[in-house]
C-alpha cells in the first residue's frame, strides 16, 4: 500500500545537499563501492559485492565483478533508508563472531510494492561511506519520484533495453525486441510487423539500437491512440497521416486547452504555462520563449501524473481543519498490527508496526500476553503466529510514530497479562515513550474530546480503567464467550491429511473447541517463517541438465540425430529470428557418454563434441582439456556467459532451442483420445486438479481436460510454429505449459495436480463414474442446455459480493457458503443463507463445492460461523467421533490417528502429527472433549470473563476507556466522552443499518467507537468499512497487510490531507437531522451527476504469461443510495496502449461529501473470468474535470510505473426541480442500466439474448440461431422472479462461453 513517508523523512529538507554536492554524490554512487551484503536466506553467508547506482535507469545494482549484474532494485520502490543494523538479516549473525560489523558501518534499504517490504542489509567500509550512500539515495528517492513523465519514460525505456542488452553493446536482436514487447503487454503478430516499422535496421545483422527502440516505442504509442476523440487530434495533420513530430501545439494553443477544456485557472498566467511546458519537456533545444509540444508529446501529457484527475492541492495537511474533537474525525486504524499475513500462522513483525505508522495509520493494536523474564510478548494468542517482545515494539513505535504525521497515535491494548506483567508494561510505557505519552487530560473542564491539534505528537493508551480509589479490581469485559472465537479453542495447530489420489500428506489447520473439530483447506505449515528457502537441489549435480529446455536427450540413431538437430535449429531460428548462438545439446550418437553441442551461426548449424571422462570416480565434462566442469549444466552455463573461442570466431551461447515433442513421453499425454473418453476417465477421479492432455483432430491443436470445482472442463491449446498458445499465453512447449500450471492456477484456484492415464485409473479411479461432474447431457452433433439428470441439493461458495435487487433474492458477501442450493434454468438458482430460505441468486456469482454426501461426510456439518471462517473445509461433531491411534503409522508417517463416525458406515479420517508428543496431546484432548462436551459448552456460555487491572497501567488511560456499549445512554447525561466501545463487525452491523444508523451516529458525535474484523476472518480479509464510516465510527480497524478493496477504500479516504491519518467528517454528519440511510435527510448538499468516458490506457501490468484483454469497471461507492457500478467493453490482446470506443457513463450522486469514484482494470481470461490488474480510488470531492489521467495503483495501493487511464470527466449539478442537468426528465440510473455496461450480471428479458462465442473453447461449431431460440425458451420457474442471468462460465462442460446482452 502506498507508503506515505516522503524521502525527506530520511533527511532532506533544510539540510538538503547543494547542487555541487549532489553532482559529487551521484558520480560517487555511479562509480560504486564494495560492501558486504547480508542475505535474508539462512543458507547464504554474507558476501562482498560491488554496489552501484545506474543513473540512466535509476536502479541500484550489485555484482561480483564488472561483467554480470546479479541483482537490482528500482530506486522508485525504496520506502526507507535506515542507518544501523535494524533488520532480521543482521540479527541472524549476532552470535557469529565472524560477522559482527560496527553499527555505524551498516545501513538497511527497505523497498517493495507490497505491505511486507524487502530489505537490502549492507555493511560499508566506513561511516563516511554509509553517510554518502544514505545522503545520495535520499536525494535520488525524491528526485526520481518528482521527475517529469517524459524523463520517467526515458528511464523506463533504458531499463527495458538494458535488461536485454546486458553487455551494453547498444544493440539487441529483433527476436529480443519481440519478446520485450510481449513482456510489456504488447502483442507483435510476427517479425514482419517489426521489420515494417524498423526500416533502417542494419542490413547485415538486423540488430536494433536504443535510438531505434525508443523511436519505435514513440511510434507504437501514438499510432495506436491517435484515434481517440481528443482536442487537436481532430483538426491536425495527423488525420492525413502526417508524422506526429511534424505537428506542433504552440504555447497559446496549450494555454487555451488548459483553460477551455481542463478548467485550470492558473493557466490564465501565460508565464506559468511556459514554465510548466519547459519543466515537463526538459528539452534544452526548446528552452525558448515560445515552447511547443509535438502531438505525441501532448498525448503523453494527457496520460501523465501532471494531468491527474485528483486535485493534488488536497494532499497537504490543513491545520485549520484539525481543531474539532477527536470524535468528529475518521482515524486510520489497524487491526492486529503486528501480523504480516493470516491470523493463525503468519509472522509477527516489528516491521509491520513501522510500515503501518509510516502509511499514516494512527491507531495500532498491541495484543499482549505473559512472556518470559517478566515482560509481555505480542502475538495472536492461542495460534501459531510468532512472538515479538513488547519492549521492542515500543521502541519501534517511538521511532516511527511521527514520521508520516504529527497527529496523535492511539495504542489499542488487548491485554491478557497478569498483574505483575501489567505493572512492567506501565513502567516501559513511561520509560520508552517519555514525554510523548499522554498521562493527564489536556483540559479538565472540557465537555468533549480534545482535538488532533491539541494532541500533536502525543501517544494515547486505550485500555480498561479502574474505578476511582481502587488499587486493582476485576472489571467485566464486554466480550461474551463464543465457541467461534479461536482464542477460546482448547487446542489448535497444524495436522496432516492424506490425499487419497497421490497419497501425499498435506498440512491443514485444525481447531478443537468444546464440541467440534474444525479443519481448514490445505494450508502452508511454515507461514511464520520469513526466511526464503533455497530451491531444492537435484538429487545429483550431474543430472541438472535433464530438466533444461536445451537438453534434447537422444534425437536418433547414427546420423539421424545430427540431421534432426539441424532441422530443429534451422526451423526455429528462421521462424523466430533467433540470434547466432541459439543452441541445443543432445546425446552423442558416436561416443557413448559424450554429448554434442549444436548451435546456429551465420545461417548454418554447427556441431561441437562435449567430452566426458571419469576423475576419481566422478564425471567431468569439457570442450577443451584446459577448462573442465563438474557437470554438463555448469559447462553450458559457463559458455552462456563467456564466449566460445576458436580460430574462426568468438560467440556466446544465446537462446536455447526448446524440445518440440517431449510431451509425447509424458504420463498425462494421450495421442488418440476423444473428448467423451477423456470425460469418462476424469469422471472416475473425483478430485479437483485431475487432468490429461489430448490431441485434437484439428491440425496443431490439443486440449487440456481437467476437473475443477467438482466439474469437468476443457480448454484448447494451439501450436503456432515454435510457440504453444493457451488463450493469449505463450509457451515454448506443451511440457513448459503443463509445468507452469502445475505451479500456478489454471482456472481460478485450481492447479494441475494429478496426471491421469489408464495406469493411474487402476490405482485411484472409482468403479462408478461421477456423472454429476457433467453439467448437461449430450445430444449427438449438438450441445444442448437441458440437463436430463434430476437436480440435487448442494452447497456453493460465493466468488463475489452480491446485493439483492429484489425482495426474493439473497444478499451475501464473497466466500459465503450458500446451502441447500437448487439449480434452476436461466442462470438463477435458489438457496439458503443468513437465515433466509430458498431465495434467488445469480449462479455466475458462485462456485459449486464438492457434494458433501458423496466425498466427505463431515462436510454436512459446515458452519458458516466456524472459527475458521472462509478457510473451513470440514467440521466433525466430537461426541459422535471415535479416536484410534495407529501404532504402525501410515504411508511414511509414523504418528497417525484415525477419526471415525459410527453413524457414517465405512468412513474414517486419518490424521498425522509431527511428533509422538503432539499426537498424544491431540488424542487426549479430543477424548476429554468427547466425554465432557455438553458441560464445557454450558460452562463457557454461562461464564462472564472478568479481568484484573493494575493501577499503574490504569493511570495511563486518559481518554480511551473501553466500556460495554449501552444504547440507553446515548444522548443522555450519563454518556461520557472519555468512554468508548469496541465492536466486532458482526455486532456493528446491528447498528449500522436503516433501523439504528441514526442513533449510532449520535453516539459517535460524542464518543469514540472502534470496529474490528470478526474472529472468523483467519485469512486476514477485511469487511466493508463504508457503512461504519457513514455512521460516524472513527476507528474502523482493518488488516493493513491485506490487498483488498476495503483497504484500497481506506487508502482513498485518507489520501486527502497528505495521509496524516485524520480526516474531518463532513459537517452534514453533525446535523442532528441527518440519517445515513435516508437521502431525503441531506440538507445543504447539492447532488451531482458525473459523466465519464474511458478513452484509453497505457502501461497496464501483466497478469501471468499472456497479453491482457483489459476492461475497466467504474464504481461510485459511498452512501447506500449512491453506490453503483458500470463497465467498458474489453480490448483484445493489448495492455500497453489499449483504446476504448467512446461511450459515456453517468452516475447520479446525492451525497458527494461521502462518495468515492473507483476505477478497477480487469482482464478477461480464456474462461471469461475477470482478473485484477490495477485500480485507482478517489474521494469525489477532490476530482478535476476535463481530459484527465487516472494514475493506476496495484492492489496494495502502490503506484504502478507509468500505468494510467485517460478519461473525459464532467461533473454537473442536479437541477432544483429534481431533474438532472443536462439530461432532464430521464433518470440517469435508468440510463446506466444498459446491460452491456452492467458488471457481473444481467437480467435477461425474453427475446433479448445475443450470444458471443469464445474462441478458446471452440471444440465444435453450433447454430447461433438455434441457441438463441433455445435461450428464448428458458424462463424462470416463477413469473415474478428474475428472468435470467448471464453466466461468466455458461457452459464449462462443452467449452462454450456465452455472454448475453440486452
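Note that Cβ sites are derived from N, Cα and C of the backbone, with glycine treated the same way.
Features as listed in Swiss-Prot:
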type	residues	note
ACT_SITE	335	active site
ACT_SITE	380	active site
BINDING	165, 167, 169, 171, 176	Ca(2+) binding site
DOMAIN	152-187	domain 'EF-hand'
DOMAIN	320-464	domain 'PI-PLC X-box'
DOMAIN	550-657	domain 'SH2 1'
DOMAIN	668-756	domain 'SH2 2'
DOMAIN	791-851	domain 'SH3'
DOMAIN	1071-1194	domain 'C2'
MOD_RES	2	N-acetylalanine
MOD_RES	506	phosphotyrosine
MOD_RES	771	phosphotyrosine
MOD_RES	775	phosphotyrosine
MOD_RES	783	phosphotyrosine
MOD_RES	977	phosphotyrosine
MOD_RES	1221	phosphoserine
MOD_RES	1227	phosphoserine
MOD_RES	1233	phosphoserine
MOD_RES	1248	phosphoserine
MOD_RES	1253	phosphotyrosine
MOD_RES	1263	phosphoserine
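Mapped onto this structure are the features recorded in Swiss-Prot.
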residue : record              : Cβ contacts under 8 Å, 6 or more apart
165     : Ca(2+) binding site : 171, 172, 210
167     : Ca(2+) binding site : none
169     : Ca(2+) binding site : none
176     : Ca(2+) binding site : 164, 579
335     : active site         : 365, 1012, 1013, 1037, 1038, 1039
380     : active site         : 336, 338, 339, 343, 344, 348, 367
506     : phosphotyrosine     : 496, 497, 499, 522
977     : phosphotyrosine     : 325, 327, 447, 448, 449, 959, 1006, 1007
Checklist entry - What stretch in 320-464, 550-657, 1071-1194 has the biggest tally of Cβ pairs under 8 Å against the domain 'SH2 2' (668-756)? => result 1071-1194
Checklist entry - Against which stretches of its own chain does the domain 'EF-hand' (152-187) lie, if we need a Cβ under 8 Å and a gap of at least six residues from its ends? => result 54, 56-59, 68-69, 74, 194-195, 198, 201, 205-210, 213-214, 216-217, 220, 300, 576-579, 655, 728, 730, 1099-1102, 1107-1108, 1133-1137, 1201-1202
Checklist entry - Which three-state DSSP class does residue 506 (phosphotyrosine) fall into? => result strand
Next on the checklist: DSSP on the domain 'SH3' (791-851): how many residues come out helix, how many strand, how many coil?
Outcome noted: 6 helix, 30 strand, 25 coil
Next on the checklist: DSSP secondary structure for residue 977 (phosphotyrosine), reduced to helix/strand/coil, please.
Outcome noted: coil
Checklist entry - When DSSP states are grouped into helix, strand and coil, how many residues of the domain 'PI-PLC X-box' (320-464) land in each? => result 46 helix, 30 strand, 69 coil
Next on the checklist: Take the mean position of the Cβ atoms of 165, 167, 169, 171, 176, the recorded Ca(2+) site. Which other residues of that chain put their Cβ within 8 Å of it?
Outcome noted: 164, 166, 168, 170, 172, 207
Item to check | Model confidence over the domain 'EF-hand' (152-187) (mean pLDDT, whole number) | outcome: 87
Item to check | Structural state census, the domain 'EF-hand' (152-187) (DSSP three-state) | outcome: 23 helix, 2 strand, 11 coil
Checklist outcome for this item: Taking DSSP H, G, I as helix and E, B as strand, the domain 'SH2 1' (550-657) contains 27 helix, 40 strand, 41 coil
Item to check | residue 771 (phosphotyrosine): secondary structure state under DSSP, collapsed to three categories | outcome: helix
Item to check | Helix, strand and coil counts within the domain 'SH2 2' (668-756) (DSSP) | outcome: 19 helix, 37 strand, 33 coil
